[in-house]
Amino acid sequence: MSFNTLIDWNSCSPEQQRALLTRPAISASDSITRTVSDILYNVKTRGDDVLREYSAKFDKTEVTALRVTPEEIAAAGARLSDELKQAMAAAVKNIETFHSAQTLPPVDVETQPGVRCQQVTRPVASVGLYIPGGSAPLFSTVLMLATPARIAGCQKVVLCSPPPIADEILYAAQLCGVQEIFNVGGAQAIAALAFGSESVPKVDKIFGPGNAFVTEAKRQVSQRLDGAAIDMPAGPSEVLVIADSGATPDFVASDLLSQAEHGPDSQVILLTPDADIARKVAEAVERQLAELPRADTARQALSASRLIVTKDLAQCVAISNQYGPEHLIIQTRNARDLVDAITSAGSVFLGDWSPESAGDYASGTNHVLPTYGYTATCSSLGLADFQKRMTVQELSKAGFSALASTIETLAAAERLTAHKNAVTLRVNALKEQA
């Protein structure tokens, strides 16, 4: 089925409808699972030496010093244009503004007289950021991860990326307060952050995207007691666009293609009650595709994508909620009117002038988002991911006395005698004092 094929949703059977919203299967092959397991073992047992060996083997780079020096970081910044530095600073300002606003107010209440309950927030002490290498350095992800880590107050923020690390990544890391940067990539970087090595510190939580090996490494270390927590499950990137007859076909096409160029496994879906708009978008996609440097990649992604015609916008919303896209773009006449009905999406973009690119780079929202249907239970990355909540309770004598019989009754019903005794002993002590 080509992307030019218009699909009438209401002519499809329930089975066909489910198939249309089924994502391409992703699972680590047995060979990837075994390879990653071996890498984790080797890094845990051999440390820096094996990290250098893996750099030579996988990155074709001989690394002597794993830690990037301040002089190297300064030199990287000097090679960048002022225009790019100013753009990064503008993006960081917006990211700071949005994420600072996410600070939770403290909770301090009396649930009943003499029973005080609080909720306080503390930063995750140490975090590791992983940034992939490749021909297109993802320095924007540095901004998205390091900025909330700094706002949260994480004491240690370190970054790993495959050597040679792009100047843009080094500068972005320094700009956002990353304390240490290491020339380590792939699953071995995740292992180093999870277990520590002579050079790379062990961290409490690991953030960042990567290939199948990195994703599998994050999964494995997150399930080990000696490992580290991770940000969220990963999957291929995706966008769903809801458009009506008031949408601009060229704008819709550009948003679909900006997602499709991410990779051949990206998924793109258009939902519209207007078949004419669907046809015009398909034509615009073909026109714009011819001009893209990554046209081959985008074309592969489009082969698994969908143009779906519905009966109305309400049905578009229902289908979108069922799919739960990573990115949801609503290009309709009154886009904001639909927001309250949206229940599952990573990030929502409203109207003609809110392209996905804005959120990817500089509007202020975070571009690290749940994908592959995880929007049903997971949230977009935010300040809370770099923090943890802790509760505090304090009972006065009077508060304890008033609550004691309730606790004793509940503990006895669960046959937890020691729990009941912890209350009864105190009740008796109060009686003796009286």
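Easy rule for this one: first residue shown is 1, then count along the chain.
Placement of Cβ uses the backbone N, Cα and C atoms for every residue, glycine included.
Pulled from Swiss-Prot, these are the features on record:
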- Y130, Q188, N211: NAD(+) binding site (BINDING)
- S237, Q259, H262, H327, D360, E414, H419: substrate binding site (BINDING)
- Q259, H262, D360, H419: Zn(2+) binding site (BINDING)
- E326: active site, proton acceptor (ACT_SITE)
- H327: active site, proton acceptor (ACT_SITE)
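Comparing the binding-site residues Q188, S237, Q259 on other C-beta atoms within 10 angstroms of each C-beta gives the minimum for S237. Sequence-distant contacts (6 or more apart, same chain, Cβ under 8 Å) of E326 (active site, proton acceptor) comprise S237, E238, V239, A345, G346, S347, L369, P370, T371, Y372, T375. Sequence-distant neighbours of Y130 (NAD(+) binding site) (same chain, 6+ apart, CB under 8 A from its CB) are L159, C160, S161, A189, I190, L193, I206, F207, G208, P209, G210, V214. Its Cβ placed at the centre, H327 (substrate binding site) has 24 other Cβ atoms within 10 Å. Neighbour count (other Cβ atoms within 10 Å of the Cβ, all protein chains): 15 for N211 (NAD(+) binding site).
Look at the Cβ of each of the binding-site residues H262, H419 and count the other Cβ atoms within 10 Å; the largest number goes with H262. According to DSSP, H327 (substrate binding site) sits within a strand segment. The Cβ neighbour count for D360 (substrate binding site), using a 10 Å radius over every protein chain in view, is 20. For the NAD(+) site, the Cβ centre of Y130, Q188, N211 serves as reference, and the other residues of the chain with Cβ at most 8 Å from it are P132, C160, P162, G185, G186, A187, A189, I190, G210, F213, V214, A217.
The 10 Å shell around the Cβ of E414 (substrate binding site) contains 9 further Cβ atoms across the protein chains shown. H262 (substrate binding site) falls outside any helix or strand according to DSSP and counts as coil. N211 (NAD(+) binding site) and D360 (substrate binding site) are 19 Å apart (CA-CA, integer value).
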